[in-house]
Amino acid sequence: MEIKKQTEFLLLGLTEDPTLQPLIFSLFLSMYMFTILGNLLIILAVSSDPHLHTPMYFFLCSLSLNDICFITSTIPKMLLNIQTQDQSITYTGCLSQVCFVIVFVVLENFLLAVMAYDRYVAICHPLSYTTIMNLCLCVLLVLTSLSISTVEALFDTLMILRLSFCTALEIPNFFCELPQIIKLACSDTPIDNILIYVETCIFAGLPLSGIIFSYIHIVPSILRIPSSEEMHKAFSTCGSHLSVVSLFYGTAFGVYINSAVTHSPGKTAVASVMYTVVPPMLNPFIYSLRNRDMKEAVRKLISRIASLL
């Protein structure tokens with residue numbers, strides 16, 4: 001079998017049934033638009049309301065921006081392929097997609113951990129909150145998370161560059177996913193697979209451990225709050241964050257377990273939708289529906305926009 005370094009991959013998508021392609025196109029276009037509009041609404045609402053210029057909402061804006069970039073790295077190419085009836089993606093395009101997906105997935109992990117730390121300081125050390133969570137530290141935490149994510153993505157991209165690929169380069173998914181790219185390689189890949197497992201433990205396990213550690217201290221502190229109104233507000237903000245954490249890690253672990261127990265390409269592709277599309281789409285709705293301040297800011301923003309039309 002011929003071995004190539006520079007070639008094209010084929011993204012098989014969710015199904016090869018041509019009769020279902022228009023439905024999939026409409027569904028994913030709608031999901032993409034909802035995700036973009038929902039997260040933009042969060043960013044604009046926070047930016048336009050001075051009362052929300054706090055570390056918690058700064059991190060929320062960072063998460064929303066990351067979600068926009070995350071879904072944009074996969075869905076537009078999928079929609080273009082369906083529209084043009086062309087499943088191909090160039091070698092460079094596939095590498096770029098792998099790199100960007102890893103950046104935004106890892107950054108999502110770290111942002112959720114940073115948000116948990118912010119809640120920990122706010123609830124467990126309220127008197128020192130403004131001193132600890134100053135603007136410099138907030139920006140530094142986001143930039144450090146982005147730097148780590150970028151280095152990790154570049155490392156994995158370089159790992160792919162050293163691989164050789166055979167002529168049968170069909171990816172049973174709607175985007176280039178690192179594990180599936182490695183499966184297509186003609187080179188020996190045991191070391192690559194080990195590295196992926198190690199990276200997953202580090203870049204998913206450490207942030208998740210930080211989140212769990214934070215909430216082990218947060219929950220008892222909330223229960224000791226004397227005011228029922230303040231307790232409800234604390235539970236509300238933490239509940240929104242925990243809902244997003246559960247959605248992201250729940251869908252990601254679901255994909256991992258699904259890929260381990262099933263060898264069906266179609267099921268793996270559908271499972272991938274759960275962690276690449278669903279969390280970015282639902283995150284803004286979770287925060288806007290569960291957070292009273294956020295709901296009020298969104299309502300004001302919508303009223304302001306409506307008055308201009």
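Glycine residues also receive a Cβ, built from the backbone N, Cα and C atoms like all the rest.
Taken from TrEMBL, the feature transmembrane segment applies to 20-44, 56-75, 95-117, 129-155, 194-218, 239-257, 269-289. Residues annotated as domain 'G-protein coupled receptors family 1 profile' in TrEMBL: 38-287.
Counting same-chain residues at least six beyond the ends of the transmembrane segment (269-289), those with a Cβ under 8 angstroms from any Cβ of the stretch are 12-14, 28, 31, 34-35, 38-39, 41-42, 60, 63-64, 67-68, 70-71, 74-75, 101, 108, 172-175, 177, 240, 243-244, 247-248, 251-252, 254-255, 258-259, 295, 298. Listed stretches 20-44, 95-117, 129-155, 194-218 were compared with the transmembrane segment (239-257); the greatest number of C-beta pairs under 8 angstroms is found for 95-117. Residues 28, 31-32, 35-36, 39-40, 42-43, 46-47, 97, 100-101, 104-105, 107-108, 111-112, 114-115, 118-119, 122, 138, 142, 174-175, 237, 244, 276-277, 279-281, 283-284, 287, 294 of the same chain sit 6 or more residues outside the transmembrane segment (56-75) yet have a Cβ under 8 Å from a Cβ within it. Mean model confidence of the domain 'G-protein coupled receptors family 1 profile' (38-287) amounts to 88 (pLDDT, 0 to 100 scale).
Using a cut-off of 8 Å between Cβ atoms, the transmembrane segment (95-117) and the transmembrane segment (20-44) share fewer than three residue pairs, counting only pairs 6 or more apart in sequence. Distant neighbours of the transmembrane segment (194-218): 106, 109-110, 112-113, 116-117, 119-120, 123-124, 148, 152, 156, 159, 178-179, 182, 238, 242, 245, 249, 252; these residues of the same chain sit at least 6 beyond its ends, with a Cβ under 8 Å from one of its Cβ atoms.
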